[in-house]
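The transmembrane segment feature in TrEMBL is assigned to 42-72, 93-117, 123-146, 158-184, 190-208.
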Amino acid sequence: MTPLRRNGGLLAAPEARALDALLPRLPGWVTPDMLSALGLGGAVLAALGFGMAASGPGWCLLAVAGIGINWFGDSLDGRLARHRGEARPRRGYILDNGIDMLGYLALAIGFAASGLLWPALPFIAVALHFMLVNLAAARLAVTNVLDLSAGPVGTTELRVIFAGCAGMLALAPAAGPVLMGWTVLDLGCWTWVAAMAWGYVSGLVADLRDAAARDAGSRR
């Protein structure tokens, strides 16, 4: 059974309209796998831009461009396959998740290499993100619902945040510590980590309650 896709992201509706407008304009020679590869390439470009951000504003603009390329490829690959009747849900799900994990790891390495924040922080953030993805996969197995966001924040909203960070770094390079030795980027990343930790714990509790109710119902 095809899973129900659920996206509660703040930008989900306008993004869907934009993607639907782009689909008919894609040349016939463009394939979903090409878009997947393009998305991963964009993530690597963004990682390179963030990694070199301290060297000049041009690198920050490269990060913004990479994020845009990543959005284009990652958001359109599966949509194009479904639009053309070429969808392979099982392979597509595995491919999409595998490429996403590589992209997030690349971004974490880029942020850690930048010298603009505590190097361990990006990897803590990525670990929590992977925990949320794992929780969503468990939820899919139990409910057949594929959540594309954690509450109001999905991958598109995260890309907007990352692009905003890159834009601010281009206009105003990161300053020194502002609180207990932490920079503004450190504090922002800690805030994101705390939000994801809360999302994981609250989501896990809700999923356990739902699973218990389903188990009780199946015994009747």
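Even glycines carry a Cβ here, placed using N, Cα and C.
Counted as Cβ pairs under 8 Å, contacts with the transmembrane segment (93-117) are highest for 42-72 among 42-72, 123-146, 190-208. Panel annotation: around the transmembrane segment (42-72), residues 35, 102-104, 106-107, 109-111, 113-116, 156, 159, 162-163, 166-167, 169-171, 173-174 of the same chain, lying at least six beyond its termini, place a Cβ under 8 Å from a Cβ of the stretch.
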